[in-house]
Amino acid sequence: NPSSGLTGSQQVRLSSLARDLACMNGLLLKDNPASSSSGSAAPDRCMMAPITLVPSSFSKEAFNQAVELQALFNSLYHRVSRDHNFLCRVIPPAAESDSFLSALWDMYQTVRQSGADQPITLALNRADYMLDEEAGLKQVEINLMASSFGGLAQRLSTVHRQVMSAAGVSERQLAHRLPDNRPAETFGEAFIQAFKLYGRPEAAILFVVSPDERNIFDQRTLEAEIYAADASSDSPVHVPQILRRSFDQIASSARLEESSGRLYLADQEVAIVYYRHGYSPDHFSDPAGVAWSAKLLMERSRAIKCPSLAYMLANTKAVQAALCEPGAVARYLPGKSAKVEATFVDQCVLSDSRAHRWLLADPEDFVLKPQREGGGNNIYGRDVVDFASRLTTRQSAAYILMRRIRPQQQVSLMLKADQRLSRRPEMPLCVSAISELGIYGALVAKNNSERLNCSAGHVLRTKSAFTDEGGVATGFSCIDTVYLV
């Protein structure tokens, strides 16, 4: 473990270097409006993103296993998203008592029945794993929407390499221990492939964003990589512009050309709609339904959606649990399902009789998950029993019960923006920590034909072993990279 052998004086010296390099490389978050007395952050104020001082140890064998699996997971979820009958079987029971999922399902059916022509897929995914102490590599979930931190992770790899070099680790060792990590660059290349398939070089790319986005530097890194991928391609298309708009802004300027299905913002055609916002009910909380109206307009267009409505439905916990049923993966990946299934843990819909048996045996060994993305929604241990006892059978169908993964702990040295309040702000925080590995993947397809399918780099998110809460923006987790052992 790179954290273990550093003396106090080395930690102070390397922390100062790492903070400087982090800021120099744009490892930043916008200030939190909630921390301001006015309730709004100054537009030019930012803070260092929480990071680890050095990379964390991770099994080389397990890491390579996760990288190898990513293309299979890309294909699996692409095929699931195109299986209407499967979605019809899995989604409605979960949506029956979940108003947000129900609204997405209704919109999916509306768009499908309209006959909108949407043959091109751009998928930018991230599969998340933990390394269980006994069972090995196990998947937490897969993210098909707003798979974040690829830009910051790419930059952190540069910072970690420089810090480790300053700590005296040889270049030969670094080449062996620190894998190449370019998620934003690979995502940029995928954008350009999809853009070319759309075939309208005068069109723009649209990022759908939060009006008070804090993780903007991660997104700006991806924007820069899109332009760079275009410039370095064999036949540059010279993407005219990348637009950033909230749902409110889209609603006020978007229009759909009914005859062609083309989407316009004012007079600018849009080739790709990339959602970094719109995965949570509170993103659609305006009473007038402006956000829902804007989304429906975009979904009815022929613009490439990343992700499409079908992908959003495939991204639900209900689908994750359904794919754990015997033979489910083999239907989509004949002859290759065993490798994928080896990473699954016990899980089922809460209304399933197995859930009752599991909770009677050991409630501390399980986590209850709703059909939500974005973190902070899960219920753990004995709280699951209390919560589940208040649900009807119908309501239970909206939750999945999943066996907890027990990763090995290791010492981590963390750097956070609020450490100035600690006794020794010049020192990193020394924490007994656990890590979650995210493997990025990119897929570009036209109907069932995959034009690009690859893994795209990694991120670790490392947090205290003694908290169930996560989240980088909330400060519970740090962005991290792997040191292969």
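In case you wondered, yes, glycine gets a Cβ from its N, Cα and C as well.
Unlike curated entries, TrEMBL annotations are predicted automatically.
Feature annotations, courtesy of TrEMBL:
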type    : residues                                                         : note
BINDING : ARG126, GLN219, ARG461                                           : substrate binding site
BINDING : GLU141, LYS317, 369-378, TYR380, 402-405, GLU436, LYS463, GLU469 : ATP binding site
BINDING : GLU141, ASN143, GLU373                                           : Mg(2+) binding site
DOMAIN  : 204-314                                                          : domain 'Glutathione synthase substrate-binding'
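Here the features listed in TrEMBL are placed on the structure.
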residue: ARG126; record: substrate binding site; Cβ contacts under 8 Å, 6 or more apart: ILE142, ASN143, SER147, GLY150, GLY438, ILE439, TYR440, GLY441, VAL459
residue: GLU141; record: ATP binding site; Cβ contacts under 8 Å, 6 or more apart: ALA127, ASP128, LYS317, GLN320
residue: PRO370; record: ATP binding site; Cβ contacts under 8 Å, 6 or more apart: ASP98, LYS317, ASN377, ASN378, ALA398, TYR399
residue: GLU373; record: ATP binding site; Cβ contacts under 8 Å, 6 or more apart: ASN143, MET145, ALA146, TYR279, SER280, ASN315
residue: GLY376; record: ATP binding site; Cβ contacts under 8 Å, 6 or more apart: GLU469, GLY470, GLY471, THR474
residue: TYR380; record: ATP binding site; Cβ contacts under 8 Å, 6 or more apart: VAL367, LEU368, ARG404, ASP468
residue: ARG461; record: substrate binding site; Cβ contacts under 8 Å, 6 or more apart: PHE149, SER435, GLU436, GLY438, GLY470, VAL472, SER477, CYS478, ILE479, ASP480
residue: LYS463; record: ATP binding site; Cβ contacts under 8 Å, 6 or more apart: ALA433, ILE434, SER435, GLU469, GLY470, PHE476, SER477, CYS478
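When the record's substrate-binding residues ARG126, GLN219, ARG461 are compared pairwise by CA position, the greatest distance found is 18 Å. Residue counts for the domain 'Glutathione synthase substrate-binding' (204-314) under DSSP, helix first, then strand, then coil, are 45 helix, 28 strand, 38 coil. Its Cβ taken as reference, ASN143 (Mg(2+) binding site) is surrounded by 20 other Cβ atoms within 10 Å in the chains shown. For GLN219 (substrate binding site), the same-chain residues lying six or more positions away in sequence with a CB closer than 8 A to its CB are GLY151, PHE207, VAL209, GLU213, ARG244, ARG276.
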